[in-house]
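Sharing a structure with you now.
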Amino acid sequence: MDGETAEEQGGPVPPPVAPGGPGLGGAPGGRREPKKYAVTDDYQLSKQVLGLGVNGKVLECFHRRTGQKCALKLLYDSPKARQEVDHHWQASGGPHIVCILDVYENMHHGKRCLLIIMECMEGGELFSRIQERGDQAFTEREAAEIMRDIGTAIQFLHSHNIAHRDVKPENLLYTSKEKDAVLKLTDFGFAKETTQNALQTPCYTPYYVAPEVLGPEKYDKSCDMWSLGVIMYILLCGFPPFYSNTGQAISPGMKRRIRLGQYGFPNPEWSEVSEDAKQLIRLLLKTDPTERLTITQFMNHPWINQSMVVPQTPLHTARVLQEDKDHWDEVKEEMTSALATMRVDYDQVKIKDLKTSNNRLLNKRRKKQAGSSSASQGCNNQ
C-alpha cells in the first residue's frame, strides 16, 4: 500500500473470506507468510475507526471482489507486532476467536507495517449488548451460556500453550446484531506462549488483572482464569468486584483489594444468584494462582457444562449497566490509559477474608437506594 492506510483513504474496507481460517484452526502449523503486495489491491480502505487495540487502531475495509466488510488493524513492524500476528494467526479459526482473513506487509510513510485483515464484528461489545436490552430480562442461564462460550475460546488457546493475558469486556465482541450472533475473543496484543515460563511482563488491564501480575510472582494461563472470574462477576450483577476509590485507573487501595481477594456478593444484586455461580467465582478469583481453577476444571464445572439447567433467574445486570452507563464508559477509559502506565508493585500477596468491601460504584448505588427508601419512610438517612 506504500504509504496509504485506511487513515488516508475514503471508502470502506472489509477483509477477504478465508475458508476454514488460517492458523491452528485452519492450515497446519499455524503460521503463514504475510502478502507483500499492496493491501489496497484487494481491499478498499475506509477512515471509519471500529476500535482501538493494544498495539494499533482497527479500521473498516471492504474486499474489492466480494464487497465483504472487514476489519483492518495496522501495526508498525516490530518484534511485538510480529508476535501479536503470530499468536492471533495460530489461534485464528479456533472456536469463539475472531478470525484473521489476511495479513499484509506494506510500507507506510517509509516504515514497514503489518496489516491484519479480520472478520468484522458488527454486533459490538458484550456488555453494550446486555446494556441495550432495556426491560428485557437478562438471566443467570444466559450468563452461564456466555461464560461457556468465552471458556471455549480460552480452552482452545490454553490447549495450544497460548495465554491471552488481556481477556476483558472490550475484547469480547459479537459477530452481528442478530439474536444468533456468535461471541468472539479478539486482540492478541499481550498474548504469549506459555511453554517457556515467559509470562513475567507487567502489561495488563487493571480491573481484570490477576494478583500475581501486581507482584513478583510469575504468571501464566491462570491470569486468564482470574479474568474469567471478573467477567463472570460483572455478568451476574452489572459492576466489577474491584474498584479504585481515588478515580485513578488503579490505586494502591485497589491493588491491595485485588491482592487480598477483597470482594463480596452484596444484596440485592446477588440475593437470587445461585450458590453454584458464587462458588465458581470464588474458585476463579483465588489469589494463589496454584489454587485457581484450570480451564479444563472450569469447563467441567456444573454451572458451565450443564448451563442448560442453570436457573433462569432474572438478574439486575442490564438495569445496573444502563443506570451506571456513564461511569462504565469512564472505567473503560481509565483501563485503557492504565495499560501504558501501570507498574509492578512488589508487595507480597497475602490472603485474607473480607467482611466489607469499599466499592465506589456500589456505595453510590447504596446511597441512592437509601435515599429513595428514607423518602418513602419519612426519615432522613445519611
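Backbone N, Cα and C define each Cβ position, glycine as well.
The shown structure was predicted, so the numbers you read here are calculated from the model rather than taken from an experiment.
Take a look at what Swiss-Prot says about it:
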type	residues	note
REGION	1-34	region 'Disordered'
COMPBIAS	20-29	compositional bias 'Gly residues'
DOMAIN	44-304	domain 'Protein kinase'
BINDING	L50, G51, L52, G53, V54, N55, G56, K57, V58, K73	ATP binding site
ACT_SITE	D166	active site, proton acceptor
MOTIF	335-344	motif 'Nuclear export signal (NES)'
MOTIF	350-353	motif 'Bipartite nuclear localization signal 1'
REGION	357-382	region 'Disordered'
MOTIF	364-368	motif 'Bipartite nuclear localization signal 2'
COMPBIAS	370-382	compositional bias 'Polar residues'
Just to be sure I understand the packing, how many Cβ atoms besides its own are within 10 Å of the Cβ of G56 (ATP binding site)?
20
Mind checking how the motif 'Bipartite nuclear localization signal 2' (364-368) divides into helix, strand and coil residues in DSSP?
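Breakdown, helix to coil: 5 helix, 0 strand, 0 coil.
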Provide the three-state secondary structure of L50 (ATP binding site) computed with DSSP.
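For L50 (ATP binding site) - judged by DSSP and reduced to three states - the answer is strand.
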Need one number: mean pLDDT over the motif 'Nuclear export signal (NES)' (335-344).
31
Could you give the Cα-Cα distance between G56 (ATP binding site) and D166 (active site, proton acceptor), in whole Å?
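The separation of the Cα atoms works out to 15 Å.
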Non-local Cβ contacts of V58 (ATP binding site) (under 8 Å, 6 or more apart, same chain)?
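Result: V49, L50, G51, L52, A71, L72, K73, M118.
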Drop a 10 Å sphere on every Cβ of the recorded positions L50, L52, D166 and tell me which sphere holds the fewest other Cβ atoms.
L52
For V58 (ATP binding site), name the DSSP secondary structure in the helix/strand/coil scheme.
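Once the DSSP labels are grouped into three classes, V58 (ATP binding site) ends up as strand.
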For D166 (active site, proton acceptor), what is the secondary structure by DSSP, using just helix, strand and coil?
coil
